[in-house]
């Protein structure tokens, strides 16, 4: 079973169970399973139950669409875990989750429509991934101690009020909202959103029995190697589990350490290039931002005297510099006279607890390659990487020495998916950071952010709490919007990448870490609190910036870029009546705006 929690390894137990099952009938297995559940309810200890689907238990009854609604699941094997608090509350974190290997433990199939559906298997990777040890399997119950307060022993049958439709695949084209997929409706195959939203409501209401039932169901259906719905269930369930056990930061440290062990320059390069090749998600912002920066620099060069021009880009983006080769080439070919000097200072931000050794190795290699490419293009070039740990608002911009060429140096600030790295708080930190960018007096500031409303209201408002409004209502609002956004992202990867792809798996794991951060961490600690274009535009205007419309040449470049990709991607300009009030352009997937690109000047 591709179980999300990875609390117990079922490999050895499965082999032993298979030998015992050869002489057992279908009914005897059902009776045994029911008896195990019944006997467990008579103990005083709290146990967490995890269901292991048997391929021989296939079914679900009848033809047509397969619904979970009031009927018992197929015959299956049940395993006892140690008392919940002992395993989940006090166990070392590497026992709660297998790092990022997510290797299948015993079953690789789920049953939809009463028939097995083969899941996507993890691709063979040239970079080995470690496997954390798992706690021992307990074959008998004990009555020692009370369990975790959130999970009391409960009947793990399917709740009778759930009516989930698996008859059609999920699609993000409908533009779902936070309230879509209400439990009880058909849902058009969006069973993950239905179950996850209901589970989030139960978590907010502290309904421990229903939480346990729903998490058991989700654990049965989730898989990081399945379809979009199974992946959403897998990653959001991991986030919910970390939230319930107050282990969000610990979980992120474990996932980050696993990613760090398996990160190299080659793997990073392959993933970035493959992502750009098959999806415009990142290259859309790169093309728009480069166009605005280049036009700004060329304006300076045209109006300047004969002295050598110096341009400096402050890159506040963790894009591994994939944006800059095309800009270097454009500077070399479009400069009328002497090629200007270009300096790039890139700030690589990371969470305080995240390992940075692998990223530092990658950035050293990137810097060497960038300098070599600039020499080939004939562009005088200087590259510097600054590694920053923690909140981007704590970065001392004045210490970066951005005017090494004196007052004649033209400065551009590039912010690609970086402003959300400023953690919301009571001191209006995001507004303050935008104001600090204004004090640099740049020629242009490019802002590219993913379009999602993942803050409760205005986390920087004076009336907000230090946690950014972490109430039950705020949690549900952010959870629902996160489902919408990451569903569209996963759907775009599903339709753009091959079924088996190491690069796609790496991107999905990155999204999984973002989901865990969003769901399990309070707003005051989360690095994934995206905002809408309207919010960012308001902040930039308040800081003293005015929007710069992209020229028709830049817009044509973006449209030409999108024609290289599969159908479903489109560009939408922000009109004057738009939420962004005429600032920038949007990248849309199946009519859903997902990425916003804009340019600003003082």
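Glycine too: its Cβ is placed from the backbone N, Cα and C atoms.
What Swiss-Prot lists as region 'Disordered' is 12-69, 101-145, 165-185. What Swiss-Prot lists as compositional bias 'Low complexity' is 12-55, 103-145. Annotation source Swiss-Prot lists compositional bias 'Gly residues' at 56-68, 173-185. The annotation domain 'GRAS' is assigned in Swiss-Prot to 183-601. According to Swiss-Prot, the region 'Leucine repeat I (LRI)' annotation covers 190-253, on the basis of sequence analysis. Residues or ranges marked as region 'VHIID' by Swiss-Prot: 272-349. According to Swiss-Prot, the motif 'VHIID' annotation covers 311-315. If you look up Swiss-Prot, you'll see 365-401 marked as region 'Leucine repeat II (LRII)'. The annotation region 'PFYRE' is assigned in Swiss-Prot to 411-517 on the grounds of sequence analysis. The region 'SAW' annotation in Swiss-Prot covers 520-601 and is backed by sequence analysis.
Cβ atoms under 8 Å from those of the motif 'VHIID' (311-315) belong to residues 293, 297, 300, 321, 323-324, 331, 340-347, 397, 400, 402-405, 409-414, 440, 442 of the same chain, restricted to positions at least 6 beyond its ends.
It is 272-349 that, among the stretches 190-253, 272-349, 520-601, forms the most Cβ pairs under 8 Å with the region 'Leucine repeat II (LRII)' (365-401). In this model, the region 'SAW' (520-601) carries an average pLDDT of 89. Across the range of the region 'VHIID' (272-349), the DSSP-based residue counts are 39 helix, 15 strand, 24 coil.
Residue counts for the region 'Leucine repeat I (LRI)' (190-253) under DSSP, split into helix (H, G, I), strand (E, B) and coil, are 52 helix, 0 strand, 12 coil.
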